[in-house]
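J.: Take a look at what Swiss-Prot says about it:
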BINDING   Gly8, Leu9, Ser10, Gly11, Ser12, Gly13, Lys14, Ser15  ATP binding site
BINDING   Asp59, Ile60, Arg61, Gly62  GTP binding site
Amino acid sequence: MRVLVITGLSGSGKSTAVRVLEDEGFFCVDNLPVLLFPTIIDLVCRSGENVAGVALVMDIRGRDFIKGFEKVFQQISEAGHTVEVIFFDATDEVLVRRFSETRRRHPALESGSVPEGIRYEREQLAGLRRLATHVIDTSELNVHQLKELVHSRIKGESGTRPLTIHLQSFGYRFGIPLESDIVMDVRFLPNPHFVPELKAGTGLDENVRTYVLEKPETRQFLERFMDLLEFLVPSYQREGKSYLTVSVGCTGGRHRSVAIVEELRAFFAGLGLVVKVSHRDKEKG
């Protein structure tokens, strides 16, 4: 039986993920005490129902969950089930804004401010986050994008889709994307920001791309990085991974990282892989 544990910070999108899982045929249970994990899984198995798996939503409301999850996960795995932990996250700023929009109090604390609740929840869930199979940062996602991302990862993990590569550019000044599997820093490449006629452009503009890509150090870097990726992709596939996020960062996320990601798009497409591209900070940098 495939068992998904949906967890993460309050306000990060877990409820949206559950709706996607229900549509995909998962038996979903919200806020179940950790000690009842094995029981509910056993009941679903015995019922004979044709379900895609069991999805259990666990968060800060289940205090005993935080204390006993490792032992229970091991027990479930030893029973022959596959346990995947999907951790939903977002920046503190985004979470505060979401709570403000919904006018809800933070569930982690009966009293105190929302920022205090977020900090406390992060501390309590830190160990679980380290064990996560996937970390999904929803800070920059709308509801439709989040649904698509969850759908892609869930369907891919069941083996119905080929490996999907998500290439994204970002700016280090805005933070590393939390959902990254591979992060490449390209701040060592020549920076168009300091060329007056290129500064206002982006890595999607032909003159900016030419400036970045025609430098000898860029060509050498791409050759070596592509060799590494070509080696890694089959290894990830053998491990059952179906969604690989490769993040490329420069200072502002506007010029170099964008140009490199666009070059990698063609490379991965040439390998016959499904490729999705996003430029997170292109308009910020």
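A Cβ is built for glycine as well, from the same backbone N, Cα and C atoms used for every other residue.
A quick note: this is a predicted structure, and the numbers were derived from the prediction, not measured.
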J.: Whole-number Å distance between the CA of Gly8 (ATP binding site) and the CA of Ile60 (GTP binding site)?
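T.: Counting only the Cα atoms, the answer is 8 Å.
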J.: So which binding-site residues out of Asp59, Ile60, Arg61 end up within 10 angstroms of Leu9 (ATP binding site), measuring C-alpha to C-alpha?
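T.: So the list reads Asp59, Ile60.
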J.: Taking just the CA atoms, what is the gap between Lys14 (ATP binding site) and Asp59 (GTP binding site) in Å?
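T.: One finds 9 Å between the Cα atoms of these residues.
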J.: Within 10 Å of its Cβ, which one of these binding-site residues (Gly8, Gly11, Gly13) has the largest number of other Cβ atoms?
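T.: By the 10 Å Cβ neighbour count, Gly8 comes out on top.
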J.: For the recorded ATP site formed by Gly8, Leu9, Ser10, Gly11, Ser12, Gly13, Lys14, Ser15, which further same-chain residues have Cβ atoms within 8 Å of the site's Cβ center?
T.: Asp59, Phe88, Ala90, Thr138
J.: Considering Cα atoms only, can you say which of Asp59, Ile60, Arg61 is the nearest neighbour of Gly13 (ATP binding site) among these binding-site residues?
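T.: When the Cα distances are compared, Asp59 comes out closest.
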J.: Measuring C-alpha to C-alpha, could you say which of the binding-site residues Gly11, Ser12, Ser15 are within 10 Å of Asp59 (GTP binding site)?
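T.: Of Gly11, Ser12, Ser15, within range: none.
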